[in-house]
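*Asks:* Questions regarding the structure given below will be posed in turn.
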Protein chains: 2
Amino acid sequence: MPPATEELIALTQAQLGEINEALDSGTFQQVRRLLNGLQPVEIAHLLESSPPPSRRILWTLIDPELEGEVLQELSEDVQLQFLRGMNTEKVVEITEGMDTDDLADVLQRLPDAVIQEVLAAMDAQDRQRVEQVLSYDEDTAGGLMDTDTITVRPRVTLDVVFRYLRRHDELPGSTDSLIVVSGKGEYVGLLPLSKLLTSSPNSTVREVMSTGLEAIPATMRDTEVASLFERHDWISAPVVDDDGIVVGRITIDDVVDVIREDADHSLMSMAGLDEEEDTFAPIHRTAPRRAIWLGINLLTAILASSVINIFQGTIDKVVALAVLMPIVASMGGVAGSQTLTVVIRGMALGQIGRSNINWLVSREFFVGLINGMLWALTMALVAGWWFEDPIISFIIAAAMVINLLTASVAGALLPITLRSIKIDPALAGSVALTTITDVVGFFAFLGLATYFYA
Amino acid sequence: MPPATEELIALTQAQLGEINEALDSGTFQQVRRLLNGLQPVEIAHLLESSPPPSRRILWTLIDPELEGEVLQELSEDVQLQFLRGMNTEKVVEITEGMDTDDLADVLQRLPDAVIQEVLAAMDAQDRQRVEQVLSYDEDTAGGLMDTDTITVRPRVTLDVVFRYLRRHDELPGSTDSLIVVSGKGEYVGLLPLSKLLTSSPNSTVREVMSTGLEAIPATMRDTEVASLFERHDWISAPVVDDDGIVVGRITIDDVVDVIREDADHSLMSMAGLDEEEDTFAPIHRTAPRRAIWLGINLLTAILASSVINIFQGTIDKVVALAVLMPIVASMGGVAGSQTLTVVIRGMALGQIGRSNINWLVSREFFVGLINGMLWALTMALVAGWWFEDPIISFIIAAAMVINLLTASVAGALLPITLRSIKIDPALAGSVALTTITDVVGFFAFLGLATYFYA
């Protein structure tokens, strides 16, 4: 019998359709049955794929026992929407039994008073663990870590380790190694399960443990943690505090979320959006967020227009200039955004720095020059045929070369410059670049025209 | 002693600086020592972060024993650059000892004759494994899988499994479960190492194995595999052929690469770039690739200009129109690209389909309307103050509302429409959208102006 996993994916849209139909016809019992037959992660995906009205109804139909698990699978933005609607007792109830890292994530979005009540409702050991995770910034290794580690001492034999493990009902998720610690709890090494299973039970932990892997400092940025996991194909890694004491471990499933968000960050920021943006956010949340970005762009568009304004007299003389001028600006914008995207991606991958930026800028200069000349020549022929005026052909070609060169070099230098003054290149880069290519494009084209036609 | 992992990341730029200096001063011996003291994945990262001239020199300085490992860590584009420079014997030599999935990846980029020679040089078992991986498309589960699985029978006791594992020197990387198969090799279930370690050695595999996880069909698309891993926090999963026979397993490290590429795809495609693009590709490769995209954009820019051309007479009368018209087009472009980005990301996450697209389009309509009116009013005031002409204020406000509405609805509908006709929305979406917002923007603004000033 062929396996059925492939259906899992296609299911979502079909399920959504079915659930929406059932919702419309008011047969909530049926929806409840459909919904609670799914895994929490699938319910979370369904909620994220639903517009707010169905989302609210769906939430009320989820089995209360599943609510906590569903909540921790939701993206930040959607999670917050549901948390806002809960009173403190509900939050206490729903967060029972969550992993410490997920619980800390949820708590961080709540008011201080609620956090205190949730913590007060926990037993001492769990509270201490959550407080430890909460003491680190959400975007650091400490904020990402789980505190449920299994540690062993270097002196014991593997046989003892086997007996120790059998006393557990199960191991914490994604456990691929046990952490070897000293009597004080300091990190000593790792005992991979695969080593444990392939070595003689009479060996000691010290004899078979791996010491090559350094522990991750709790204060390391989560994107750096992700990059280490990616480069070294880790599944889990120990986290230590400033004194080298093991405080938790990070697992690949949390790192995958960081990688996904990190990769989404460039895409979303370049359109002035947040990477946590809820696809189905309601109008009253979407409109204000986008308005700010549009406002900033209106300012830069007015700036570009004021350049055109300087040359009103010239346009009045040769109206064909008004027809052709958007082409110069547009081509500069496209060329610049290609360079900008390559450089921003390269920076996110940690490939670009002082040692190679000069080479990159000079490559972009020549690529801009070659493509500028190619399409300037093409455009000169088109303009010549269109307006039967060799001067306008020459002017647009020259302006295009100038603008594509500027765009390419600016696209390479802007992200580096912005980063050095602590501004996110993905967010500010595209606005800054469009402003440059519009202003330079209009200035070059209309300036040259004024010189030749005046 | 605080651990040193954080330095690992910062090292790259410092190392690059040091290595470049050493290269410039011609002290290759020093570079060789620096380079070969690193792990293969770090050497690969250094190569990817180097412009072509240093890249070529660095490659020659790598210890021949490390070459294969470094090669399989390189991104597709860079890998190909080095492979092109090798003769068949070198390829045979360098690919010895590679994982089957990595080897298959490398082979797929080579000419058929070379593939045959590499296969001929392998022993029968390895050849059969590689041929199996090669028989699946690179972008499927089969192309992604490793063939080094450890399988056990359901009837045996865990004690037998322990003894069987001890006969191995090590387990294949990222092994978190053994695959339970029938006598015919059919997939039966999984035996997680954590279950193995926490259960009684006298239990049978059948008693403790997990049967909840379905195996992945070898023909499933890699992005769907990634989505399953992401949703279920898997570390490895078995792969089966059409008859349910286990043919390999997929591990999270390969899935992370798919997730990274998948997330990069939207970002890079929206600028007409390939997600595998080498940041330091030489001019003669960069220029032609980008030229095509610029050419397509030139065509659409000319199309937009031909709209302006229709209204030359009106601009000739009121030259202020030429000053303001780029604002209308630009604001439409920005509003549209925000919607487009949200929808393309939502589609990549599998959130958007027929069941919710209507809600999304109507939200975008209202967000476009609200923000259109807000900034249209602002712009009307600015234009009124600038040109002291209430008609021009009204015209630009009306044109902005029309264009922002069109942009928002087009931004939501375009990706769905493109996908339904099998065109990649991330690649074609932004060009198509800009064409629409430019044409509609110019048409609305200049059309209204012609009506009022004629």
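Note: Cβ is positioned from N, Cα and C throughout, glycine not excepted.
Per TrEMBL, the feature domain 'CBS' maps to B:145-208, B:209-267. According to TrEMBL, the transmembrane segment annotation covers B:291-312, B:318-344, B:365-386, B:392-414, B:426-453.
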*Asks:* For the domain 'CBS' (B:145-208), give the DSSP counts of helix residues, strand residues and coil residues.
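*Replies:* Secondary-structure breakdown of the domain 'CBS' (B:145-208): 19 helix, 17 strand, 28 coil.
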*Asks:* Summarise the domain 'CBS' (B:209-267) by DSSP state, stating how many residues are helix, strand and coil.
*Replies:* 27 helix, 16 strand, 16 coil
*Asks:* For the transmembrane segment (B:426-453), which partner among B:291-312, B:318-344, B:365-386, B:392-414 gives the most CB pairs under 8 Å?
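*Replies:* Out of the listed stretches, B:318-344 contacts the transmembrane segment (B:426-453) most.
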*Asks:* When the pLDDT values for the domain 'CBS' (B:145-208) are averaged, what is the result?
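*Replies:* Averaged over the domain 'CBS' (B:145-208), per-residue pLDDT gives 93.
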*Asks:* Mind checking which residues of the chain, 6+ beyond the ends of the transmembrane segment (B:291-312), have their Cβ under 8 Å from one of its Cβ atoms?
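*Replies:* Contacts of the transmembrane segment (B:291-312) (Cβ under 8 Å, skipping residues fewer than 6 from its ends): 271-273, 321, 325, 329, 431, 434-435, 438-439, 442-443, 446-447, 449-450.
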